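Peer 1: Next up is a structure, given as structure tokens.
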Amino acid sequence: MKCFAQIVVLLLVIAFSHGAVITGVCDRDAQCGSGTCCAASAFSRNIRFCVPLGNNGEECHPASHKVPSDGKRLSSLCPCNTGLTCSKSGEKYQCS
């Protein structure tokens, strides 16, 4: 039981700390490296990861076009890389 309590406390400290970002996990684009954005997880919009910008032929979201974003990105997809645009291709949007 003591170990369980310690794990819970550790998880709470991690969840509410704003000073440290675990590698790959982010809150905003500014915390990610060049060529990436802070995209929402496909499973939970409360969890975000640094994800590479879209390359030619990769799926994109038409409303996700600015890096760094002014707020928290809601899409699980990053904008397209420099020089590419997000356009509709059949049923999906792709970087081209």
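Here, residue 1 is simply the first one shown, and the rest follow in order.
Here the Cβ of each residue, glycine as well, is placed from N, Cα and C on the backbone.
Since we're looking at a predicted model, the values are computed, not measured.
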Peer 1: Have a look at Swiss-Prot and say which candidate in Cys60, Cys78 forms the disulphide with Cys86.
Peer 2: Cys60
Peer 1: Tell me which of the disulfide-bonded residues Cys32, Cys37, Cys38, Cys50 ends up closest to Cys95 (disulfide bond) in space, Cα to Cα.
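Peer 2: When the Cα distances are compared, Cys37 comes out closest.
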Peer 1: So, in DSSP terms, is Cys60 (disulfide bond) helix, strand, or coil?
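Peer 2: The three-state answer is coil.
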Peer 1: Of the disulfide-bonded residues Cys38, Cys78, Cys80, which one has its Cα closest to the Cα of Cys86 (disulfide bond)?
Peer 2: Cys80
Peer 1: Long-range same-chain neighbours of Cys78 (disulfide bond), Cβ under 8 Å, sequence gap at least 6?
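Peer 2: Cys78 (disulfide bond) has long-range Cβ partners Thr36, Cys37, Ala39, Val51, Pro52, Leu53, Gly54, Cys60, Ser64, Val67.
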